[in-house]
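Quick look at what TrEMBL annotates:
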DOMAIN    2-129  domain 'CMP/dCMP-type deaminase'
BINDING   CYS54, CYS87, CYS90  Zn(2+) binding site
ACT_SITE  GLU56  active site, proton donor
Amino acid sequence: MSNKEKWIEMAQDACKNAHVPYSNFPVGACLVTEDDQVFTGVNIENASFGLTNCAERTAIFKAVSEGYKNFKHIVIVGDTDQPISPCGACRQVMIEFCKPAMPVTLVAKDGSTLDMTLGELLPYSFTEDQL
Ligand code: THU
């Protein structure tokens with residue numbers, strides 16, 4: 001099994017911990033650091049809907065809060081017919097911590113994948129370079 005297949009499996013496994021009583025739409029993420037630490041994340045919803053935290057942001061915030069800021073890959077798994085398309089807020093949080101060249105693997109519920117870079121997912125992004 002390749003590393004990428006392992007990360008996909010970890011993101012799929014994480015989905016069982018998604019807290020999704022309102023949408024019933026679990027999302028799982030698996031974020032890999034440059035030194036091969038792995039952080040999973042799930043979406044965590046709230047009765048006050050706007051407080052929901054997406055799976056990708058959960059994984060990134062877990063990693064950053066543990067002192068990791070250099071990432072080499074993220075896998076995102078959705079309960080979707082096509083490979084999941086990450087929301088705009090998560091793309092913006094990804095570009096805060098990850099380089100445009102970082103590979104992103106998007107996965108559908110049947111396991112089919114779409115690979116692209118973060119820069120392809122979020123072109124002409126707003127970053128600290130513009131501040
Ligand atoms: N969701 C994610 O976790 N990541 C995304 O990129 C898209 C949306 C979650 C938020 C909410 O819990 C559910 O999917 C439906 O929007």
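In case you wondered, yes, glycine gets a Cβ from its N, Cα and C as well.
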Cα separation, CYS90 (Zn(2+) binding site) to GLU56 (active site, proton donor) (Å, whole number):
6
Within 8 Å of the Cβ centroid of the Zn(2+) site residues CYS54, CYS87, CYS90, which other residues of the same chain have their Cβ?
ALA55, GLU56, ARG57, PRO86, GLY88, ALA89, ARG91, VAL93
What average pLDDT does the predicted model assign to the domain 'CMP/dCMP-type deaminase' (2-129)?
98
Relative to the Cβ of CYS90 (Zn(2+) binding site), which residues of the same chain, six or more apart in sequence, are found under 8 Å away?
CYS54, GLU56, ARG57
Give me the count of other Cβ atoms within 10 A of the Cβ belonging to GLU56 (active site, proton donor).
28
Fewest other C-beta atoms within 10 angstroms, as judged across CYS54, CYS87, which are the binding-site residues:
CYS87
Its residues classified by DSSP, the domain 'CMP/dCMP-type deaminase' (2-129) shows 45 helix, 33 strand, 50 coil
